[in-house]
Ligand code: C5P
């Protein structure tokens with residue numbers, strides 16, 4: 001599975017002839033879904049044009065440590081914090097030596113010291129420089145500090161020598177980065193099932209009862225979970241949204257269909273997140289033909305019957321019960337109602353949002369949530385649903401692990 005979707009990669013390019021491969025490297029990283037920002041050293045700019053890198057990465061290229069314009073858009077500290085991974089390719093003997101010794105005398109070497117992110121380097125240099133005791137010692141120092149060293153490859157070199165020192169190919173670099181994220185993803189090996197969107201309950205062949213749920217929050221959760229390495233099932237009511245990468249989407253219409261799919265998948269999942277706005281009632285019978293307007297009465301009575309409560313049914317499973325997360329969209333007394341649902345539906349965690357504020361909730365791109373669980377709560381302030389989904393999953397992981405530990409003791 002190749003996906004760098006949602007990952008911020010800072011590519012540092014230093015002055016080696018292999019820098020000519022960097023536009024291609026950026027293209028591969030972008031194709032895998034990553035956001036890429038490029039930092040060039042002074043000597044790298046002699047090998048590859050900043051304009052080319054700006055065009056392929058879609059972002060301004062940074063070069064100087066003391067560039068007021070660049071610092072305004074993103075300072076060196078912000079760049080260092082922005083990165084989920086710093087990749088230096090090609091990495092010359094010089095940058096390797098600087099990193100091993102903690103020297104910060106230009107933008108890239110400063111970022112290397114300032115970043116909390118994983119650092120990956122793809123050394124490229126003359127074979128003799130690579131074999132030099134100083135370089136070998138510096139590489140060993142970096143590896144002992146958890147820097148991932150890719151390559152170098154052996155073969156013909158630009159200088160005419162033959163030996164180790166060629167930069168590994170861009171596709172190999174991207175593959176290794178992908179593997180790194182996979183191996184370190186918090187939810188690797190965990191299956192999560194998410195329900196999203198509204199359900200629609202048919203009245204006749206042309207009419208139905210539904211609600212305004214857009215599905216955005218559930219889709220954001222599914223996307224974030226997949227980016228964190230989970231195997232994700234997304235059971236979705238009818239919505240107008242694209243399926244996130246690496247998410248197994250199951251389309252349903254009615255609550256009954258959602259219930260059937262959810263029950264099968266929840267038993268195979270470690271975590272079940274019920275984000276769908278499920279219709280509480282459906283028509284007792286769906287008329288075979290279009291219901292006609294009558295002249296003799298001003299009323300039409302349609303008998304509704306209760307739909308199964310999906311999340312409560314899953315939380316009530318005696319065997320293979322996943323960790324169950326519900327949502328409570330409320331217009332008043334949010335905390336009281338949320339806590340009541342937490343208990344009556346036997347949930348492990350409930351996410352409450354106040355839908356009386358029209359800037360958040362149902363159709364908006366933003367949301368704010370308060371999470372409640374037995375004896376605890378956490379507020380996730382107003383932010384994009386994408387950002388919120390990540391924070392929510394972090395909280396879910398913490399609670400999920402805690403509940404496992406509690407069961408063990
Ligand atoms: O009871 P209420 O609809 O307010 O509860 C909301 C929570 O219950 C949400 O997590 C929603 O997905 C879930 N739910 C469900 N099946 C229903 C009704 C609600 O799973 N029939």
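Cβ from N, Cα, C; glycine included.
All TrEMBL annotations are machine predictions without curation.
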According to TrEMBL, 280, 290, 308, 309, 310, 311, 341, 345 bind CTP, and the residue from 323, 327 that belongs to that same site is 327
Here the binding-site residues are 280, 308, 310, 327, 345, and the Cα closest to that of residue 159 (active site, proton donor) is found at 327
Excluding its own, the Cβ atoms lying within 10 Å of the Cβ of residue 327 (CTP binding site) add up to 22
